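Participant: Below is a structure I'd like to ask you about.
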Amino acid sequence: MSGSENRLRGSFTRLASWDGAVILVAVVALVVAAAAVDGFGTSNNVTFMVLDLLPIALLALPMTLIIVTGEIDLSVASTLGLTSAVMGSLWNSGMAIETIIPLCVLLGAVLGAVNGVFVTVFRLPSLAVTIGTLALFRGLALVVLGESAVADFPVVFTTWVTGTVADTAIPNVLLPLLLLAAVFTVVLHATPVGRAVFAAGAGEQAARFSGVRVDRLKFWLFVASGAVAGLAGVLWTLRYSSARADNGLGLELAVVAAVLLGGVSIFGGRGTMPGVLAGVLLLATLQNALRLEDVTNEALNIVTGALLIVSVLLPNISRSVRTAAQRRRLRRTPIPQPATPPAP
Amino acid sequence: MTRQDATPLLEVRDVAKSFSAVAAVRGCSFPLYPGEVHALVGENGAGKSTIVKMLAGVHQPDTGTLLVSGEEAAFAGPADAKAAGIAVIYQEPTLFPDLSVAENIAMGRQPRGRFGAIDRGRVRREAAELFSRLGVRIDPERPARGLSIADQQIVEIAKAIGGSASVLIMDEPTAALSAVEVERLFAVVRTLRDEGAAVLFISHRFEEITELCERVTIMRDGAHVSTDLVRDLTVDEMVRRMVGRDLDALFPKQDVEPGAVVLEVEDLSREGVFRDVSFTVRAGEIVALAGLVGSGRSEVVQAVFGVDGRDSGAVRVNGKRVRPGDPRSAMAAGMALVPEDRRQQGLVMDLSIQRNVTLPRAGALARLGLLGGGGERREAGRWTERLRTRYGRLTDPVGTLSGGNQQKVVLAKWLSTSPRVLIVDEPTRGIDVGTKAEVHRLMSTLAAEGVAVLMVSSELPEVLGMADRVLVMREGRIAADIPRPRATEESIMFAAMGQEANT
């Protein structure tokens with residue numbers, strides 16, 4: 001069999017796969033929204049939409065790697081909130097913004113390391129750990145800043161975050177987002193780390209037997225997740241020029257929804273970064289279009305929730321249909337059997 | 001004591017059972033007389049467990065019949081076997097830990113009192129009666145949790161005879177027991193025997209068989225070898241019948257002059273698993289690690305490779321220490337482990353053949369930290385081809401391959417790391433004869449190239465055919481180090497079972 005034939009068949013299966021479908025649906029949704037929804041295609045709206053999807057997209061990048069390894073980080077939105085609160089408090093104390101921003105990213109990394117230690121050293125399930133830190137970090141944010149808000153951040157920074165590149169509709173923040181997205185895509189799909197991520201998620205024991213340092217890998221993924229959440233906290237604060245303890249409340253739902261919608265298996269071992277980015281885009285397009293159509297925030301939540309269920313349900317259904325078909329085929333062909341009967 | 005004139009309570013007559021193309025049991029017959037303990041012995045894989053499962057109603061024989069008190073019987077399921085008075089006591093008892101001992105004994109047939117409620121008083125009384133009948137003192141009120149394995153087995157026995165079982169099948173009940181506990185269990189078994197029950201007793205320990213059993217059936221490779229009175233046989237004769245088969249020409253062992261010591265294992269210990277394990281493997285040498293299932297062989301090699309930790313001891317490759325609990329360090333030193341459990345440990349079944357082959361070497365294959373551009377494909381293609389692996393595409397999930405080809409992928413994966421020490425754990429388990437010979441040839445070639453090979457194997461022909469030296473493990477220790485000229489099936493089995501070789 002020739003190599004080109006291999007590649008051709010490979011791309012066919014990719015098109016037929018879930019993430020291929022999501023990319024297609026996202027593009028269709030964009031086109032339909034641009035044609036049918038008043039004001040969707042305006043440059044102002046495009047800028048807004050990018051600003052809206054920015055935190056979800058950022059958090060979805062490390063979340064994808066974490067979910068592919070079979071773990072989850074539900075504390076990202078609270079990490080964002082705590083970072084924002086600390087940022088406000090430090091700014092109030094008179095520290096220079098140039099110092100505060102790297103400190104906030106570092107704080108996020110430390111919070112991620114806390115999750116990582118609980119998961120890899122104490123061997124607790126990440127679902128339980130990060131539900132705990134979800135509440136803990138948000139609580140700490142309230143301790144740091146209380147109900148108040150800090151708003152007087154330097155204009156140079158806030159206008160850069162909300163501004164666009166020269167006279168185009170391209171928001172400035174799209175550049176760091178694209179850069180990070182490229183980095184995470186390459187890491188997941190074209191580096192030894194990415195290979196280890198998939199192996200750890202699809203067969204942790206076999207990965208360990210192949211020399212993958214699974215615990216170390218997971219620890220650093222949680223650190224990366226925290227650091228990116230810290231960065232997202234900084235950008236969120238600057239965008240709204242408002243440091244508040246409840247910034248990004250409930251955002252983890254949208255992030256997980258986007259990742260699963262993008263074809264990442266909640267059980268680990270499967271997923272692609274292009275699929276996840278399409279998932280983010282699809283979610284943002286729907287939310288933006290519905291908002292332009294004056295749909296309420298409650299209804300938007302319903303849409304997000306429904307998408308989450310559908311994205312978990314559909315790939316499972318299609319896979320079980322496929323394996324059922326496979327089994328039927330197998331039953332008609334002899335199954336290779338162990339040469340020795342089971343040892344007594 | 002034996003009652004040969006009596007009708008057997010249970011008789012196995014010319015029973016055969018195959019799983020697909022593999023015959024697990026072919027043509028086995030033996031009677032279980034009332035008032036007799038009957039031993040069933042054979043090597044791992046001889047078909048004992050399959051016999052037990054047929055008697056328990058879990059499997060149905062393909063041909064042959066089971067006779068209960070002289071009447072032909074067919075068990076459609078475990079319930080039928082139970083109704084026929086057959087009870088199986090497994091090595092690991094299956095009690096409900098949070099229920100009381102008495103409740104466990106009454107499970108499934110609780111006596112009812114008024115309004116259909118369970119009559120707790122009777123449950124307790126019946127348990128107490130059973131225990132006094134068996135001559136043991138266990139508090140029926142206490143929870144099953146915390147009972148020793150031996151006591152749990154006695155509770156299982158009480159449960160069985162409480163359900164009026166007359167045939168008791170005990171599958172390696174003593175494997176996890178201390179000498180005192182074994183005596184306790186034997187006393188109970190003798191009581192039952194004297195009451196007229198028939199007991200089928202499976203054990204690897206000859207001293208137990210000679211002490212407890214009247215009759216012994218020996219199986220080999222699924223076939224029935226003999227059924228005799230125990231007093232008519234010597235232990236030597238039993239071992240000879242268990243292992244006596246021809247070494248076939250499947251083992252293309254090349255004679256290699258061993259070089260310098262490559263792998264050194266010194267005083268390796270892990271609490272409760274293995275103790276003071278020391279050995280060396282030279283370049284070009286194939287050393288087999290033999291012993292019974294559960295003697296700690298896989299645990300030792302996994303600790304040597306570092307996927308498991310160790311409490312003490314040192315592992316050195318070419319004189320350099322390998323860090324404990326760190327497979328990466330072992331791999332950097334030139335070690336490779338083809339593990340026992342292919343599906344869980346050897347391969348990531350959902351990943352492609354290519355990804356599996358290149359997983360340990362992904363770092364080395366990357367250029368400037370990046371993978372892609374076909375480097376992985378070429379590497380995977382080269383090694384799978386060298387091992388003549390049959391597959392559709394390298395991007396197919398490895399789980400779609402046959403067992404033999406999966407094993408070749410595992411071997412390809414580790415050979416691509418150019419190991420100086422290759423550890424293989426049951427390298428040919430569950431693969432067809434042709435592939436087996438290929439794997440053996442490969443190991444022989446590697447040794448000839450100067451690789452130090454350590455092979456865990458439960459198949460004695462494989463051990464004898466391939467090994468320059470045989471280390472025999474028993475109960476977590478190395479019991480014997482037998483050089484090739486002195487290695488025979490008998491000498492290995494004796495060492496594995498804790499008997500002195502006197503043949």
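Note that Cβ sites are derived from N, Cα and C of the backbone, with glycine treated the same way.
All annotation found in TrEMBL is predicted automatically rather than curated by experts.
On a predicted model such as this, the values are computed, not experimentally measured, just so you know.
Below, the features straight out of TrEMBL:
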type	residues	note
COMPBIAS	A:335-344	compositional bias 'Pro residues'
REGION	A:325-344	region 'Disordered'
TRANSMEM	A:21-40	transmembrane segment
TRANSMEM	A:46-67	transmembrane segment
TRANSMEM	A:100-124	transmembrane segment
TRANSMEM	A:136-161	transmembrane segment
TRANSMEM	A:173-198	transmembrane segment
TRANSMEM	A:219-237	transmembrane segment
TRANSMEM	A:249-267	transmembrane segment
TRANSMEM	A:274-290	transmembrane segment
TRANSMEM	A:302-321	transmembrane segment
Participant: With contact taken as 3 or more Cβ pairs under 8 angstroms (pairs 6 or more apart in sequence), are the transmembrane segment (A:219-237) and the transmembrane segment (A:21-40) in contact?
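Facilitator: Result for the transmembrane segment (A:219-237) with the transmembrane segment (A:21-40) is no.
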Participant: In the same chain, who gets a Cβ under 8 Å from the transmembrane segment (A:21-40) while lying at least 6 residues past its ends?
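Facilitator: Distant contacts of the transmembrane segment (A:21-40): 261-263, 274-275, 278-279, 281-282, 285-286, 288-289, 292-293.
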Participant: Under an 8 Å Cβ to Cβ limit, what residues of the same chain, 6 or more beyond the ends of the transmembrane segment (A:100-124), are close to it?
Facilitator: 71, 73, 75, 79, 82-83, 86-87, 90-91, 130, 133, 137, 215-216, 218-231, 233-234
Participant: Can you tell me which parts of the same chain pack against the transmembrane segment (A:46-67), counting only residues 6+ beyond its ends and a CB-CB cutoff under 8 A?
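Facilitator: Apart from its flanks, the transmembrane segment (A:46-67) reaches 73, 76-77, 80, 126, 162, 164, 169-171, 173-174, 177, 180-181, 184, 187-188, 197, 201, 218, 221-222, 224-225, 228-229, 231-232, 235-236, 239, 248, 251-252, 254-256, 258-260, 262, 264-266, 268, 271, 273, 276-277, 279-281, 283-285, 287-288.
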